[in-house]
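Working notes, structure below.
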Amino acid sequence: MTQAEIKLCSLLLQEHFGEIVEKIGVHLIRTGSQPLRVIAHDTGTSLDQVKKALCVLIQHNLVIYQVHKRGVVEYEAQCSQVLRMLRYPRYIYTTKTLYSDTGELIVEELLLNGKLTMSAVVKKVADRLTETMEDGKTIDYAEVSNTFVRLADTHFVQRCPLVPNTENSDPGPPPPAPTLVVNEKDMYLVPKLSLIGKGKRRRSSDEDTAGEPKAKRPKHTTDNKEPVPDDGIYWQVNLDRFHQHFRDQAIVSAVANRMDQFTFQTQTSSEIVRTMLRMSEITTPSSAPFTQPLSSNEIFRSLPIGYNISKQVLDQYLTLLADDPLEFVGKSGDSGGGMYVINLHKALASLATATLESVIQERFGSRCARIFRLVLQKKHLEQKQVEDFAMIPAKEAKDMLYKMLSENFISLQEIPKTPDHAPSRTFYLYTVNILSAARMLLHRCYKSIANLIERRQFETKENKRLLEKSQRVEAIIASMQATGAEEAQLQEIEEMITAPERQQLETLKRNVNKLDASEIQVDETIFLLESYIESTMKRQ
């Protein structure tokens, strides 16, 4: 665990949960697993506060617990899960594009609360959607429930581990902490709920004020009926499934940029790869190096409706993809018109390499990028060979090589002719270790995001009074509009914020938007590098 990761985790925990949870979380990240009383003693926090902080962290899957043989329960922080909080906006936006506003709010509620029952999610989302609609319009629970079922079917949400029933029937003393069990078969099984009702608005309408008991009666009946089949079955967001979707999108985009930019037809190659990935979404584990083999006939039948290409053209495209030097698509057999797989590991390696190349080009220029690609292609090169192959003067090539060497983008390997390692009798070869370079760049990305968050917090703090004033004015205007105030009165309230203050607010908004966009862009780089490193470590 590097200092940059710990600092970023600290900033994320503080921003989402406050100082006490941040203190407990960072302490566990630094020290490893510890029992409750040791955490309270080392952090100087009361037991009650530590318990509450641990409850919050466990609820959001940021801390796990383990019972040791002596009966002591130890708590351990999950740093990787804390870092995933950076990606929350991306998870929510992806769900919005796939499952519209209803899916977006379902995932948002689950991320905000950590774990929730399906009935609770459906009611909250229905209420939120009803509030945004025009007066008199509502949304049915059934509509939200259907979207939830679709999310479970595509594995974007999953059940949380449960306490097995055998523990409850045991007559002996209860264990110090419950053992949670995951049932693989039921992980995406949605309970059969008869959710009848519609979303409600927070403010009570004029029709409900007269018949107060009527409004209460359905509420009690639903509370009595619904929790029975749903009680104890909690759901959470399946982050691995989202990561699989992000990886597939990155592969499709890379194929489109490489294969489809010179073709007159629409994105044919990328659409074929997208179809193959969509067919393998649930059958292939997210950590697998290859997708399941798919026949040409299966791919042809699964192409989107209205995508008019013949079977012969599809086979030509598949052959073209399989012969490409990047080897995103590979041929694994000849049955069924040809069996094809997508080499996920090679695709991630190519994306990570392209990321490194683009960083070098931005930092050191196109000539350095040329040298980096050359060393990457030839595996090992001496300095004289680099100068000759790259056709760059010796002095410039030497400077560029040393720049990249000092920044750990390339490495130097010594091959001695004699055991004494004398410099005159030693070959010095430049080489590229993609894995170590990716780790170095990942560390820098963590530092960059921490700096961006700190800068955003500083900008907000500097303009705190102005933001509070702006919020007060907006609240006054909203309440006056609700009571039917005249335009002149509203304009008078708006003039409480002067022209220079308005300009300052615009500048602040523009700066914060830039910082937010930069965070998302850096996180996309982090995702690619993390995926490549994880895939490489599993193969070793």
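Positions of Cβ are set from backbone N, Cα and C atoms, glycine also.
As annotated in TrEMBL, region 'Disordered' covers the listed stretch 162-182 rather than the other ranges in 162-182, 498-518. For the domain 'DNA-directed RNA polymerase III subunit RPC3 winged-helix' (356-432), the DSSP-based tally of helix, strand and coil residues reads 46 helix, 13 strand, 18 coil. Sorting each residue of the domain 'RNA polymerase III subunit RPC82-related helix-turn-helix' (7-66) by its DSSP state yields 45 helix, 6 strand, 9 coil.
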